[in-house]
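Peer 1: Take a look at the following structure, please.
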Amino acid sequence: LSRYLSRESEDWFFYSESLLSLSRSLSRFSLSVLSSIHSESSTESYRTLCVSLSSFGGITLPQLAYQTSSRLLLSHECCQRWIHRLLYGRLQLRPLLSFTPKWFRIILSASFIFPIRHFITLRPPSLLYRQSPFKSPTVCLLHDIRQPRRSRALSTYSVISTRSDLLSAHLSTGAPQPVALLPLTGQSTPQSAILPMSFDEMDSNLITGPWMHKQTPLPSSPPTLSTFYSTPIVKYWLSLLFRLIYLVVFGYAVLLPGCGSLPLDTIIWLWTFIWWIEAVWVAVSFSKSLSISSIPWRLFDIFIVALFLLLIATTRIAGRSIMNFVGIYASAYPYRTLEAFLLLYQCYATVLLYIPLSSQFGPLMVRVKIMVLRDFTSFLLLVGLIMFSSGISLYALSYPDLPFSFDSIRSLFSWTTLSLFTNDLSSLSWNEQCKKSALSRPAAYCTMLNSNRESMCPTQSWPVYLTLIQYFIALKLILWPILFAFFAKTAKAVEEEAGVIWKYQMYGLVQEFSLRPPLPPPLTPFFFLFIACCRKGLQTAHSLSSDHPDMAEKTWSRPERGGVYRNPSVPQRGGNDPTWKEAAVKEWKKSRTKKEERSEEREELAMITEQLRAIALRNSMEKKKEKMIRAPYSSSHHSHLVVPPFLSQWSIVLPSYSPPFYSRIVDEFPLHLQPHVDSTTQQSMDEIRSHWRSRQSSSLLSSWSLPSPSLLLSSSGLPLNPNGRKGISGRGNHVKFGPNTLNVYVITIDNQLLVTSPTVSLPSEYRFDQGSRDDTLLSLLRLVGIPETEATVLCIRDETGRGKSSPLKVLSRVSPCDDDTDNAWREEEVWRVELRPIPVTMEMIGYTWINIDKAPTVLPKRELEILSIAVK
């Protein structure tokens, strides 16, 4: 009602928006009510869907939700279970040939009939409608009493009479009714004080009363032909099978040359006409239970197919006479065109009618429909405007002397339309004839503007190329990417909405197939003939029924003979079930309580957040902590903070930690290092931050497959020293942000070790390139007298350790030094090179050989650790 009023009040914007908001809130509230009942008892919520609503013309709750376009309610789990039950009816597949798909067994059973008893069985009837072979004491008393009375009044205060009445009413209507039972106290209780009984209690009292024995399971049996062929899922697969056969035969008839085959065309036309009759039958049957406005596409399909059938019949029968009368050349081409267009339309109609029932392709079809209606329509309007304006401009500039005609307009828009998919510019270039007829200048002011005698020759001028370039830029570079971006955005945004819409449309599709005749075209006339001959048969009427299988007994079961009589003087109890009212009131109170709690939680959260902020600020400003003193930074006039060891780790949060920033300028480095120094300009710093963020993302992705240490970055995107805080940020005296690799070389030959002189230490050098050849090692090998070719081979790095003629990396570690900062530090890589016994230079400038046994007495402790690891 709110949605209808919003459509009626579109001229008053605020009223319309308020009513739409009310409609959405009521839909969400109804969904929450159903969810609350379903969470408490799924059986009870399902049974309420099978009860006819007398206030709405006897329809069920899912039918009411479909009529009112309540998508959220129909997409609920309970309603989907109800729709699934309507789709499959009472059929159940046996486990025979379970490796084959279900649709194959259904089609096989529907096509050959005899596999039905092997593949299909009936589901056991619901407990709600299962009739017990036992009778209540009241019914037995009425049947077996020796002195029966003519009538017996229904006592309002008799428990036995109430139970008997419940059983008889239940078996006669098949629908649960609210029942009033009195406690066995012997006291008289007024009617107004009686509480209703829930559905679960009613079912248990009906089926498992204290006077009844345990029910024995009913043996499964194959369904009858009427039950099998009247099930919607069987109608769906059988109709789809015949639809595909129809399309194949139709395609073959269209491919025949000339006028085709008259008998085959007649069969195809009659077959299509029978499809149309079935569609009309479904629409008329649908209008009896639901609103015809809910199937607009079905009405459109009926109109289009009827129009095609009329045109095809007219052109086939009297097409030649009409063409001769009009005075045009008589040909069967219009007839073949109509057949081809009808085949194309039927293929699209098949996709739109049968595919949405699939759980995989149904939501996809809804998403495509939404994208076409929301994005593609607007895109076509924009493209059409650009095509129209650019096409006219190109036509006026390229062919200024060509007379205006229908053929010229057709060729113009044909080229502009094809340019959406191709880049053919042959129509704008000169051929040999145009080149021969070219003029040096126009013959007159208003004639031959394109400097050519032939008006069909395009003008070769810069305005033409300028218009063409802007057209292709707007079309290819702007509009197409915009369309793809809109499609991607819409597909992502409507993913959840598409699922809800598909579940909502599912009911309409299932209801449509339940209304279809059991036999698809072209066998439908035989079914109607059978209906005409046996119109009074109960099973035949049942095959045309669209009732839910759990409501079938309500329609066809009759009261048991010998039931309890009702006294007309006793008023009959009403059938309004208070379950929904109680659930609605309960849900309303719960939602109101949630709103109040939510507002209180927001207030408390805001207060707690403010208190935490005040506490954090107080702790950062007033908390007693070790005061950091300043000390000179290595080789500079700057100072750094002396961070206590227990506060150096990054895992400890220091809100007040704000170290000075220092980076040595490029000109203060040696010339050979200046090309490798990281600049601290704004642009360079942005690139450095982007680089380290990319490295961090790559390390996180690689850590999923291979364990690796995590890379820490500051809030500004600069790397953090693994050794912790150093009291100064920036690059410091280092060349680069992050690790600065120091290569240490352990070169040995015949128990001799190469060291520096006069300060005895292992040769080392910073390296900032990432090549495989080590130039520093190459210079060292040349210095000791290794031949050029052998030295070139030995300086090629091999980190795998499998190469015998390559240096081997034996150690890589973070090595603290005085130049380290928060964002730059030193890392050591130890490379071992073992030379073969050849004559080498023993005394060199800056280097010398010592015996490895004497190394512990001359080398520093840090380098002794490196040497012990390298020669191990």
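Cβ coordinates are placed from backbone N, Cα and C, and glycine is handled just like the others.
According to TrEMBL, the protein has these features:
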- 545-563: compositional bias 'Basic and acidic residues' (COMPBIAS)
- 579-602: compositional bias 'Basic and acidic residues' (COMPBIAS)
- 544-602: region 'Disordered' (REGION)
- 236-255: transmembrane segment (TRANSMEM)
- 267-287: transmembrane segment (TRANSMEM)
- 299-318: transmembrane segment (TRANSMEM)
- 338-357: transmembrane segment (TRANSMEM)
- 378-397: transmembrane segment (TRANSMEM)
- 468-488: transmembrane segment (TRANSMEM)
Peer 1: Spell out yes or no: are there three or more C-beta pairs under 8 angstroms between the transmembrane segment (338-357) and the transmembrane segment (468-488), with each pair 6 or more apart in sequence?
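Peer 2: Counting Cβ pairs under 8 Å, fewer than 3, so no.
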Peer 1: Quick test of the contact rule: Cβ under 8 Å, at least six residues beyond the ends. What residues does that give for the transmembrane segment (236-255)?
Peer 2: 87, 103, 106-107, 110-111, 229, 261, 264-265, 267-268, 271-272, 275, 336, 339-340, 342-343, 346-347, 350, 354, 357, 513, 516, 519-523
Peer 1: Give the one range among 299-318, 378-397, 468-488 whose Cβ atoms make the most pairs under 8 Å with those of the transmembrane segment (267-287).
Peer 2: 299-318
Peer 1: By DSSP, how many residues in the compositional bias 'Basic and acidic residues' (579-602) are helix, how many strand, and how many coil?
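Peer 2: Counts, helix then strand then coil: 24 helix, 0 strand, 0 coil.
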Peer 1: Count the Cβ pairs between the transmembrane segment (378-397) and the transmembrane segment (299-318) that lie under 8 angstroms and are 6 or more residues apart in sequence, then report whether there are at least 3.
Peer 2: no
Peer 1: So what's near the transmembrane segment (299-318) in sequence-distant terms, Cβ-Cβ under 8 Å and 6+ beyond its ends?
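Peer 2: Tertiary neighbours of the transmembrane segment (299-318) are 265, 269, 272-273, 275-276, 279-280, 283, 292, 334-335, 338-339, 341-342, 345, 349.
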Peer 1: State the non-local partners of the transmembrane segment (468-488) in its own chain: residues 6+ outside its ends, Cβ under 8 Å from one of its Cβ atoms.
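Peer 2: Same-chain contacts beyond the flanks: 371, 374-376, 379, 382-383, 386-387, 390, 394, 419-420, 423, 425, 428.
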